[in-house]
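J.: Quick paste of what Swiss-Prot says about this protein:
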- Asp67: active site, proton acceptor (ACT_SITE)
- 67-68, Arg72, 137-138, Lys148, Arg165, Asp167, 178-183, Gln237: NAD(+) binding site (BINDING)
Amino acid sequence: MRFGIVARRDREAALKLAYRVYDFLKVSGYDVLVDRETFENLPEFEEGDVVPLEEFDVDFIIAIGGDGTILRIEHKTKKDFPILGINMGTLGFLTEVEPHETFFALSRLLEGDYWIDERMKLRTYLNGENSVPDALNEDAILTGVPGKIVHLKYYVDGGLADEVRSDGVIVSTPTGSTGYALSAGGPFVDPRLELFVIAPINPIALSSRPMVVPSSSEIEIVPLPPERGLILTVDGQFYTHLSPDTEIKIKKSPRKARFVRFSHEIYPRYPFRLKKRF
């Protein structure tokens, strides 16, 4: 069995815990790879075990950090590796255990006492090409000029769903429903469901409300005059500028995010995390 280790790069405690996990697994006789960016911030790992995240080929990834660390893994890895998230971040909605539970969790993982939680992702096509990472949380199409609204139409399966003047629009997965989409007035969505939430950001018309559509849908977003540049953000991690005539289509991705879980509990766990964090 081979493990990969990825840590939050700007928190010393996360890097030190990553080394303890690395040492524990090596002493236990397992092959371990370490993300190069983790190594660059704590060069105590054996250099022969260090590879870029894009080249990981492992059975499990141990992520020591927050949601941003997990999103970095999801954007850079080429396969859907199961991730055990250890919360060393601010929110930690995607993580499974707290730091003091790390080695108990590893023991359960090694004993096979876990299950895999699969989450849908969305895929974005710009002018027909899949040139950006799949989103685990959301795509946000934003005004490219601060202080200026954008005028957009969005279609679901070819039918006009809404026309908005707003700061932009969010297309979210159930996993992302506790993030940016929630701030835009979207609902909390049970992560076991597969669907899209479409949420306009600060729309002028009060009648423009978030909507929920099936995950089988194709969503097309069409900019309207006055023509201004747009910014596409994927999970708040990837950014690209779009010209006003860019064709934007969003579908369910064939890929999944996969998480190691020890509990099947959804309620009250997720609502409690929302209240606790905010």
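Every residue number used here counts from 1 along the chain in the order it is shown.
Every residue, even glycine, has its Cβ placed from backbone N, Cα and C.
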J.: Between Gln237 (NAD(+) binding site) and Asp67 (active site, proton acceptor), how many Å separate their Cα atoms?
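T.: Approximately 11 Å lies between the Cα of Gln237 (NAD(+) binding site) and that of Asp67 (active site, proton acceptor).
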J.: Within 10 Å of the Cβ of Tyr180 (NAD(+) binding site), how many other Cβ atoms can you find? Include all protein chains, please.
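T.: 20, counting other Cβ atoms within 10 Å of Tyr180 (NAD(+) binding site).
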J.: If you count Cβ atoms within 10 Å of each one, which of the binding-site residues Thr178, Gln237 comes out on top?
T.: Thr178
J.: In terms of DSSP three-state secondary structure, what is the assignment for Thr178 (NAD(+) binding site)?
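T.: In three-state terms, Thr178 (NAD(+) binding site) counts as helix.
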J.: Would you mind pulling the DSSP three-state label for the residue listed as 'active site, proton acceptor'?
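T.: Note: the residue listed as 'active site, proton acceptor' is helical by DSSP.
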J.: If you count Cβ atoms within 10 Å of each one, which of the binding-site residues Arg72, Arg165 comes out on top?
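T.: Ranked by Cβ atoms within 10 Å, first place goes to Arg72.
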J.: Please report the distance from the Cα of Tyr180 (NAD(+) binding site) to the Cα of the residue listed as 'active site, proton acceptor', rounded to the nearest angstrom.
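T.: Cα of Tyr180 (NAD(+) binding site) to Cα of the residue listed as 'active site, proton acceptor' measures 13 Å after rounding.
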